[in-house]
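Q: TrEMBL feature annotations, pasted as is:
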DOMAIN    5-132  domain '1-deoxy-D-xylulose 5-phosphate reductoisomerase N-terminal'
BINDING   THR10, GLY11, SER12, ILE13, ASN38, ASN124, GLU126, GLY205  NADPH binding site
BINDING   LYS125, SER151, GLU152, SER176, HIS199, SER212, ASN217, LYS218, GLU221  1-deoxy-D-xylulose 5-phosphate binding site
DOMAIN    146-229  domain '1-deoxy-D-xylulose 5-phosphate reductoisomerase C-terminal'
BINDING   ASP150, GLU152, GLU221  Mn(2+) binding site
DOMAIN    261-377  domain 'DXP reductoisomerase C-terminal'
Amino acid sequence: MKNVGIIGATGSIGSQTMEVLRENRKAFNLTGISSHSNYKKTIEIIEEFSPEVVVVTEDNAYDIIKDYCKDKNKKLSLYRGIESLEKVSEIKENDILVTSVVGMVGLKPTMKAIENGTTIALANKETLVAGGRHVMEAARRRNVDILPVDSEHNALFQCLQGEKREDIKRLHITASGGPFRGKKKEELINITPEDAVRHPKWNMGMKISVDSSTLMNKGLEVIEAHWLYGVDYDKINVVVHPESIIHSMVEYKDNSIIAQLSNPNMKLPIQYALTYPKRIDCNIKELNLFDIGQLTFERPDTDTFTCLKLAYQAGKASGNAGVILNTSNEVAVDLFLNGVIKYLEINEIVERCLNNYEYMSKPTLEDIIQIDKRIRKDLYGLYLGGK
């Protein structure tokens, strides 16, 4: 039985991780969780799985859960605030930590778990985008496995099993194209948040849905793939594949290509990361190729969806460009979702930040954290008068 901690247990990936645990009771024990504002789901998890550590980052939800635990005489350690996320990482019994929070908040608890020697099931791509060098160096130093949960990187991981890294010619990361595939910039002027979060294939959280619509999500995945597999950016290719059946491909030096196919369902990559190196039955719909009929592929339109181009530029620049890209995008998406800016301003803000903030070739982990704070302060100050 594996002991599992989950940071971000009530979000989209966290909820699907809970389904995997629920369907495989004899395989997993839940040691600790974090949640934000969804106190109802948090209480359900406490009742069903009895985790020993619970972190709640939103004050009102924390107060409700604290009162509930007191009334029900629950024997657990309850902590408040983002600064307490590392409490889940510090659980000594953890065999694996699922990091499924969105954004830079996942960096410090991931680093803490690595230092403790805990295997990471990584669903928080921003951790590698902003701090990839530090994360991978720490993982190598502590001999810790980073197992990708993103469907694309999990697919690459599966396609690489038993192969030599020096034999890789190219990585092909697939993209559905998002809800605005085929549209030009002039057609995107009046896009609303409701439009942007309607993903054609995947059921995801708000932020990642917007990122998918701008192709920034694919750009972040390119950077993540670079850090996970040590492949140069010129050898990482994005392929628009609207059926979302092929989740990624690896091309080898003999010109053969190995692909991973399945129906789009995040439970499969989550489960594979949790059970690796074993495979077990997964409660998802079987893939019927006769029903699919055909698979199509297109080049991404980087003139319309410039966020993908910006991500490649930031990745190649390395240094602190990753955190500038990531944080400016996080804030811009938040501003868009709250009706403060228009859709096309997202990429404009990101590009402006990449051009305006001072470049550092080898930022420390503390540098990265401070750059993140500064960009948030600057952008929220500019658009909201502070936040």
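Note that Cβ sites are derived from N, Cα and C of the backbone, with glycine treated the same way.
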Q: Please report the distance from the Cα of GLY11 (NADPH binding site) to the Cα of HIS199 (1-deoxy-D-xylulose 5-phosphate binding site), rounded to the nearest angstrom.
A: 17
Q: Please give the greatest C-alpha separation between any two of the 1-deoxy-D-xylulose 5-phosphate-binding residues LYS125, SER151, GLU152, SER176, HIS199, SER212, ASN217, LYS218, GLU221, in angstrom, as a whole number.
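A: Binding-site diameter by Cα atoms for 1-deoxy-D-xylulose 5-phosphate: 19 Å.
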Q: Relative to the Cα of LYS125 (1-deoxy-D-xylulose 5-phosphate binding site), which of the binding-site residues THR10, SER12, ILE13, ASN38, ASP150 has the closest Cα?
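A: Comparing Cα positions, the candidate nearest LYS125 (1-deoxy-D-xylulose 5-phosphate binding site) turns out to be ASP150.
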Q: With DSSP as the yardstick, break the domain 'DXP reductoisomerase C-terminal' (261-377) down into helix, strand and coil residue counts.
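A: Counts, helix then strand then coil: 67 helix, 2 strand, 48 coil.
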Q: Restricting to the binding-site residues ASP150, GLU152, HIS199, which ones have a CA within 10 Å of the CA of GLU126 (NADPH binding site)?
A: none
Q: Roughly how many Å separate the Cα of ASN217 (1-deoxy-D-xylulose 5-phosphate binding site) from that of ILE13 (NADPH binding site), to the nearest whole number?
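A: With distance taken Cα to Cα, ILE13 (NADPH binding site) is 15 Å from ASN217 (1-deoxy-D-xylulose 5-phosphate binding site).
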Q: Going by a 10 angstroms cut-off between Cβ atoms, which of the binding-site residues THR10, GLY11, SER12, GLU126 has the sparsest surroundings?
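A: Selected from the binding-site residues THR10, GLY11, SER12, GLU126 on minimum Cβ neighbours within 10 Å: SER12.
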Q: Quick check on the domain '1-deoxy-D-xylulose 5-phosphate reductoisomerase C-terminal' (146-229): DSSP residue counts for helix, strand, coil, in that order please.
A: 42 helix, 11 strand, 31 coil
Q: Counting each residue once, how many in the domain '1-deoxy-D-xylulose 5-phosphate reductoisomerase N-terminal' (5-132) are helix, strand and coil under DSSP?
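A: Summed by class, the stretch gives 63 helix, 27 strand, 38 coil.
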Q: Around GLU221 (1-deoxy-D-xylulose 5-phosphate binding site), which of the listed binding-site residues (THR10, SER12, ILE13, GLY205) come within 10 Å, judging by Cα atoms?
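A: Checking Cα-Cα distances against GLU221 (1-deoxy-D-xylulose 5-phosphate binding site), none of the binding-site residues falls within 10 Å.
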Q: Between the binding-site residues ASP150, GLU152, HIS199, which lies closest to ILE13 (NADPH binding site), Cα to Cα?
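A: Result for ILE13 (NADPH binding site): the nearest of the binding-site residues is ASP150.
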Q: Taking only same-chain residues 6+ apart in sequence, whose CB is under 8 Å from that of HIS199 (1-deoxy-D-xylulose 5-phosphate binding site), what do you get?
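A: HIS199 (1-deoxy-D-xylulose 5-phosphate binding site) has long-range Cβ partners SER176, GLY178, PRO179, SER209, SER212, SER213.
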